[in-house]
Every structure is written in structure tokens, then in C-alpha cells.
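**Student:** Submitted below is the structure of interest, expressed as C-alpha cells.
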Amino acid sequence: MEPVPSARAELQFSLLANVSDTFPSAFPSASANASGSPGARSASSLALAIAITALYSAVCAVGLLGNVLVMFGIVRYTKLKTATNIYIFNLALADALATSTLPFQSAKYLMETWPFGELLCKAVLSIDYYNMFTSIFTLTMMSVDRYIAVCHPVKALDFRTPAKAKLINICIWVLASGVGVPIMVMAVTQPRDGAVVCTLQFPSPSWYWDTVTKICVFLFAFVVPILIITVCYGLMLLRLRSVRLLSGSKEKDRSLRRITRMVLVVVGAFVVCWAPIHIFVIVWTLVDINRRDPLVVAALHLCIALGYANSSLNPVLYAFLDENFKRCFRQLCRAPCGGQEPGSLRRPRQATARERVTACTPSDGPGGGAAA
């Protein structure tokens, strides 16, 4: 095993968390400091570090609070335990873990060194990869789930159950461990230019495995899942255009179409937030560009921040696009103040395995939420 050479190690793809090990040398004025002392950084370097820290702080606050509320709501309220929402729970768990690493990364940007030791280095880098793969795998399964619900409603009665969704979520984490565990093993801390960096130590030849890793991540954590999602929604679009009533009930059809749109919006947000960093990594790896150009470095960190921002965006999308989550969020906010109506969220009647259209509602009227 040998560390990735400096020319190749400047950009590790753990949501590029360890890309900031090059941050002190990214600007010529900062790299001119022979001692590598963090105190002699340029004004532009300091300004970028402060901007990144402010952005990460906002993303961390919104992402942690929002995703914890989503998970708590799904666990607490029986009517939210639907197949679609079980997948959403998995997505929220991955997002919450990713946003929990941001305080450590903000400190790294400000201090120009990794002060937290090798154990946290392994945890942070592996969490980034887990988030990347579990998120896109979960979104892919959500799209397949919607395809089955829309195009094969009879089969959906057996396939789309909370129990099977939980089993699929476990399989997603096991599959993601095929990447996350090796990253945890390869993550190390190393001294560099008077500071400590948290980076990946690939086997020899390190440049080869570094390049292979980035290309495989681009293919299997972005291109292939997006192709599957595109096919699923293309088939759904044809079905929705050719059939006026999917379920024989206008009310159920409205719910089905509404939740299909919500999943599509969440997938679209993921693509918009993650496409820039995936493309940037491939360009950075395969094209000879000036990696010390301040504009290139600023664009890189903007792409990284955009990827993290997706983790805080999802709970906002659920709240705006899904009436059930909106009602449950309101109930959760009112509960500490004693504003919750007794029995309004938990109904004595037995829940069915299939998803329904009501959740967290004071009556048995249509809730129009995520349970279609």
C-alpha cells in the first residue's frame, strides 16, 4: 500500500470530503509558505473557507433537523409506515448521516488540517460513500416501486408492502458496504506540508486504482441508476397518457399521480445536485486542467457543497409536495406545546399492508399524501 501521489490525491471522491487536503496549496500564495503553517493563508483562501463553513453550517442545521423529523414521523405515526415512506426513511437516514459530518469538514477547512484523528477520518470518508450509494440506490428502488404501482397495479398488491421495503433497504446498505467498508479500510491520516490530511491510501499502483475508483463511482453511483430511473419514468409516462383511470377510483388515481410526481421531483433534485460533482470529478481525472486556478478550486468546492445541499433539500420537498408529511410535521411541532389532538394521529383500526392515502389526518377524508 502506498499513499496516492500528490498529483492524483488532490481529488478523492468521498463526496470529495478529503479534497480539502489540497486546500492549503490550492492557491499559489498559500502554497508559497514553506513551513505549511496554517497561519500564512491568502485572503482568498480564508474567504473561501469562511464561505464554505457558513454554507455547511446552514446545510447541517436544516439537513439534520429535517431528516430527523422525517424519520421520527415515519417511526411514530402508523399511517406513515407505507412502502414509499419506508424508502424515504432510508433516504433520510443516509442524508442525516452525511450532514452530521459537516461540522468536522468545516473545521478542516478553517484550520487547514485534520485534527480529529484517524478513526473519525475513516468514519467521515466511509459515511460519504455510504450516503452516495445508498441515496441513489434508494431513489432507483423508489422509481421501480412507482413503476410497479403505475404499470402493474395487480402485482403491486404483493410487492409493495412495508415489510418488503424494509428488506430491500437492508439489501441496499449491504450492497453499499461493498464500497463503504473498503473506503473505511483505506482511509488514513498523513502529514503533508506541515499539516495533517485525511485521505485514501490505495494499493499500488495508486494512480491506477484512484482513477478506476472514480470511473466506477461515476458509472455505478450515477450513470447506470439514472438510466434505470429514466426507463421507469418513461414507461410510467406512456402508461399515464394511455389510461385515464389506473385504479378505477379518481381519488386513488390523484394520490398515485401525486406521489409519482413527488418521487420524480426528489430524483430530479438529486440529479441536479449531484451531476456537477460527478462530471467535475471525471474532468478533473481525465483532463489536464490547472488545479491551482482559484476559479477551478472555487467551482470544485461549490459542486461539493451542492452535493451536500441535496441532503437538506429532501425534507423540504417532502413538506411542500406531500400533504401527509406536512400535517405530521405540524403535529410534531405542536405536540411539545400540547396542541396535538388526542388520537388524531393514531387510529384504532388495523393498518393494511398496502399504502393508503391518509396519514396524520383528523378525519377519514382524503389526505392526498405519500401513501399511494
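Cβ atoms are placed via backbone N, Cα and C, with glycine included.
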**Student:** In Swiss-Prot, C198 is paired in a disulfide bond with which of C121, C151, C273, C303?
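**Tutor:** Here Swiss-Prot pairs C198 with C121 via a disulfide bond.
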**Student:** Report, based on Swiss-Prot, whether R254 and A299 occupy the same side of the membrane.
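**Tutor:** A299 and R254, as annotated in Swiss-Prot, occupy opposite sides of the membrane (different topological domains).
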**Student:** Quick one: which of N18, N310 has N-linked glycosylation site in Swiss-Prot?
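**Tutor:** Looking at Swiss-Prot, the N-linked glycosylation site feature maps to N18.
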**Student:** What count of other C-beta atoms do you get within 10 angstroms of the C-beta of C121 (disulfide bond), across all chains shown?
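**Tutor:** Excluding its own Cβ, C121 (disulfide bond) sees 25 Cβ atoms within 10 Å.
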**Student:** Sort out the residues at least 6 away from either end of the transmembrane segment (86-110), same chain, that have Cβ-Cβ distances under 8 Å to it, and list them.
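**Tutor:** Result: 15, 17, 20, 23, 49-50, 52-53, 56-57, 59-60, 63-64, 67-68, 70-71, 74-75, 116, 120, 123-124, 127-128, 130-131, 134-135, 138-139, 141-142, 145, 162, 165-166, 168-169, 172, 198, 266, 308, 310-312, 314-315, 318, 370.
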**Student:** Other than its close neighbours in sequence, what residues sit by the transmembrane segment (48-75), given a CB gap under 8 Å and a spacing of at least six beyond its ends?
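**Tutor:** Distal contacts: 23, 41, 81, 85-86, 88-89, 92-93, 95-96, 98-100, 102-103, 105-106, 109-110, 112, 297-298, 301, 305, 308-309, 311-312, 314-316, 318-319, 325, 328-329, 332, 360.
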**Student:** Thinking of Cβ pairs under 8 Å, which stretch from 164-186, 207-238, 262-284, 300-321 has the most of them with the transmembrane segment (123-144)?
**Tutor:** 164-186
**Student:** How many other Cβ atoms are found within 10 Å of the Cβ atom of C198 (disulfide bond), counting all protein chains shown?
**Tutor:** 28
**Student:** Do you know the mean pLDDT across the topological domain 'Extracellular' (285-299)?
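**Tutor:** The predicted confidence over the topological domain 'Extracellular' (285-299), as a mean pLDDT, is 82.
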